[in-house]
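A.B. asks: Please find one structure pasted underneath; my questions will follow.
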Amino acid sequence: MSHSPVETLVKMINQIAANNRAYEDKEAAERVASHIKRFWARKMKEDLVEYLDAGGADLDPIAKEAAEQVKNGRKEATATKQAV
Amino acid sequence: MRVETFNPNKDYGTPARVSETLVTVEIDGVEITVPEGTSVMRAASLANINIPKLCATDNLESFGSCRLCAVQIEGRRGYPASCTTTVDEGMKVTTQNSKLAKLRRNVMELYISDHPLDCLTCPANGNCELQDMAGDVGLRDVRYGYQGENHLDSEKDNSNPYFSFDPSKCIVCSRCVRACEEVQGTFALTIDGRGFDSKVAAGQDEDFMDSECVSCGACVQACPTSTLMEKSIIEMGQPEHSVVTTCAYCGVGCSFKAEMKGDKVVRMVPYKGGDANHGHSCVKGRFAFGYATHKDRIKAPMIRESITEPWQEVSWEEAINFAATRLKDIQSKYGRESVGGITSSRCTNEESYLVQKLVRAAFGNNNTDTCARVCHSPTGYGLKVTMGESAGTQNFDSVMKSDVIMVIGANPTDAHPVFGSLMRRRLREGADLIVADPRHIDLLKTPHLKKAQHLALRPGSNVALVNAIAHVVVTEGLEDRAFVESRCDMESYEKWREFIRDERHSPEAVEATTGVAADKVRQAARTFATAKNGSIYYGLGVTEHSQGSTMVMGIANLAMATGNIGREGVGVNPLRGQNNVQGSCDMGSFPHELPGYQHVADDTARSHFESVWGVKLDNEPGLRIPNMFDSAIAGEFKALYVQGEDIAQSDPDTQHVEKALRSLECLIVQDLFLNETAKFAHVLLPGSSFLEKNGTFTNAERRINRVRKVMPPIAGKEDWEITVDLSNALGYPMHYNHPSEIMDEIASLAPTFTGVNYDRLDELGSIQWPCNDENPVGMPTMHVDDFPIGKGRFSVTEYVATDERTNSRFPLLLTTGRILSQYNVGAQTRRTDNQAWHNEDVLDIHPSDAELRGIKENDWLGITSRAGQTVLRARITDKVLPGVVYTTFHHPGSGANVITTDNSDWATNCPEYKVTAVQVERVSQPSEWQQNFKSFEALQMKLLKGAADTAHSEVEAE
């Protein structure tokens, strides 16, 4: 029954995407990304980005776009931190 | 004289009346003004004129049978009963004169002529109303003698484990019968026979245990003699002092008087001054407190290097240092985020607050979670998104003003029994009932229920159903436009309205999904939307789904669209499973939120905490419980501090949980017993029961109630002291002398708790948060003028079916739940006489599904899901729908969660306990997991006994 941690993360983000599908794709992806930023632990986000960078094969399109946004958000945060 | 004070320790004889019209009467020369409809007896009592009484008590409607309360009223003939006579303006009443005295003595003489004269050896001696009244009226002789026909040889009924029924002492006042009807709403008791043969009978003149009696204790409390008497009183005698405290079971949060002899609890009596329960109780809170002194209690700290080694009893200092050293070593080896902590909703607010503070400040991460994760986390999410506050909107009393009560995925008479009784009272008064549940819950069998609609939906289809109800409301023009336009965000509303109007949400379109006939859904929607006051109550049958959060938002949408928010009688009411689910969430136990629901990424809020706690805090959320398990199995998460929660039994997919626990290098469990989780632990810190500590619980109404210590902690420390010790050993100093100081710190950090402190709680009895400058005494009804987010926000609630589907391999849907006599994982109730009602979990299966499989009552059944297999006995019942099976999870060996899956709510990861596809077949032996469970349990009990034996021999050697 149990999945590897990354399989679980992919299942989770795809499920979040599925539950936001009633919105237009752009808004849906933003909502998914926002949800992950607010609720996922640092390591989970890092693992998601790593999975995305490896191709993100099983990510649903909205989830993939959201993962991109999470990745970019983390980059920006790091850049801001370094600048400070 | 106008009296408005209420003394919860006084019996005013008849219930209070509410009226804007006041009436002034003169009783024994004293003028008193009371609301119209008040009885003469109550008015007199309010003026401290106590009229003798036997059949009257102030939680029951007057009955007028004993005639002891006769009075004389100027201008009226005879001697009317003061309990059944209501006050009239200008009425002049005399309660004492020689005629009345003679009449009362005559009445008492008749009673005593058929009553045993064993007062000195009677259990009620010193606390008997009959004895008191005999004294009051000055009874000195019984002219009739004692030789006539009587009931003195009537046989006792000792079948109930907690109380005895001795009919020889019964005066047939009917208080017990009326309490069962009016207070509890079960109607299990009756007066059988007529005239001299009249007697109290349970059910069809059965033993109490064989009758429909639910052992709530209302009859025992109502009995004015020793006829219905707690066995603990019979054994121990009358208590000598009492302390008011709060029950440690469900989310109703009943107030009780712990009646004591020294430091021993003699009995728990529901406290009339408790605003959640008004003097009522259930079998758990009233009687099932014996676990606190059960022989299984762990009385000394223990440690071990691995889970295959015997436990060693050690000093508190050694255990704390062992735990702290392990945690520090693990963090230095695997990193700051390799450790975390979990609290239970059985912990007090102060304990939950301290554990999350320990994790955030001493561990240096946000890996803190609570068992609310696995029950009501979707409530927190869904209500925050839509209405801006993660809490129910009403107090319990609000239901008495509801015209339609919609109950979704909840079973109040079993899981929240005292509130279930209140709800039944309102239903008897004529409120409509709509139940959306796959099971035919007992609320639908409420005696004298006027109108009920049962939407017996398929498990997993809640969102489709609530969308269909909302579709009817919108398309048939049943919305409360005025409310929506004035109170809600119109952009979100228009978006939702367009979504919900779509034909695909119509009852007809979703009929195949929900299994509920479209016309029934339409009828229910009309009933709810057109009622003056419509309220929604829901439980874990809403939250524990992969769409749990969506469903909570769907409920909020429905309440807002129909204008059922912001006044008494309406609202969205999550029925919290455990006593402090609300509180544990309020206290910042979730990994993304600091106390008071302030996000960890909110720089302003976080810096406030940083300045008070004197430490830098992480601004990213931590791991949730299921993420901790995954991370442990991946080898990244290595140590866990668990206070009061039994994750090995309560969390889904048991084999996954066990694998995670075995992966930990250090598991610290703080609990009363060697629970299932503790069997995987390296450090066992003995906790204290609710009777052994101070603190507060917050119930489902947001009501903060005091928990008061009535006996010293058996293992020497209150739970909050243990967390303080651990924190100090980790190098993060915590200094508190009393939990009141912890609450003061909470009040300084959580905006909704600003006005809460122990002095104010003592003064007011309880407080419903928010309590601050704007609401100094708390807030019974929320969102009266606006929402914390300004306008209410509608959410689009797309129905996304669960991945868990039935097929030819797994054709049935399993749903799990709980019953009246047992509580959650059963760690407490299994160690009480409540076992008499439910000593094993069974599988409920519909007769047609049973017949198809050749299953007979009590057959052993193998239940197989995609996650695992377990074996339970069959109970064939039409309480479940065809295609649905049901079980409870109160006994660890049942392995109910071996078969539940790792599916969870999309927003919060609340497990989907309510939908598991299974196959059921007859088998002849326990499952492999059950066999392994037995051998592991035997090993762990042996390792525990090793600790006890070692400690014992050390004592002997000294």
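Just so it is clear, glycine is given a Cβ too, placed from its N, Cα and C backbone atoms.
According to TrEMBL, the record shows the following:
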DOMAIN    B:21-99  domain '2Fe-2S ferredoxin-type'
DOMAIN    B:99-138  domain '4Fe-4S His(Cys)3-ligated-type'
DOMAIN    B:161-192  domain '4Fe-4S ferredoxin-type'
DOMAIN    B:205-233  domain '4Fe-4S ferredoxin-type'
DOMAIN    B:240-296  domain '4Fe-4S Mo/W bis-MGD-type'
A.B. asks: What are the DSSP helix, strand and coil residue counts for the domain '4Fe-4S Mo/W bis-MGD-type' (B:240-296)?
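C.D. replies: Output for the domain '4Fe-4S Mo/W bis-MGD-type' (B:240-296) reads 9 helix, 21 strand, 27 coil.
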A.B. asks: At a C-beta cut-off of under 8 Å, are there same-chain residues at least 6 beyond the domain '4Fe-4S ferredoxin-type' (B:205-233) that contact it? List them, or none.
C.D. replies: 54, 57, 59-60, 115, 122-124, 128-130, 157-167, 169-171, 173, 175-180, 183-184, 186-189, 192, 266-267, 269-270, 279-283, 286-287, 417, 421, 820-821, 836-837
A.B. asks: Counting each residue once, how many in the domain '4Fe-4S His(Cys)3-ligated-type' (B:99-138) are helix, strand and coil under DSSP?
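C.D. replies: The counts are 27 helix, 0 strand, 13 coil.
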A.B. asks: Can you give the mean pLDDT for the domain '4Fe-4S Mo/W bis-MGD-type' (B:240-296), rounded to a whole number?
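C.D. replies: Average per-residue pLDDT within the domain '4Fe-4S Mo/W bis-MGD-type' (B:240-296): 97.
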A.B. asks: Kindly report the helix/strand/coil residue split of the domain '4Fe-4S ferredoxin-type' (B:205-233) according to DSSP, in that order.
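C.D. replies: With helix first, then strand, then coil, the domain '4Fe-4S ferredoxin-type' (B:205-233) has 11 helix, 4 strand, 14 coil.
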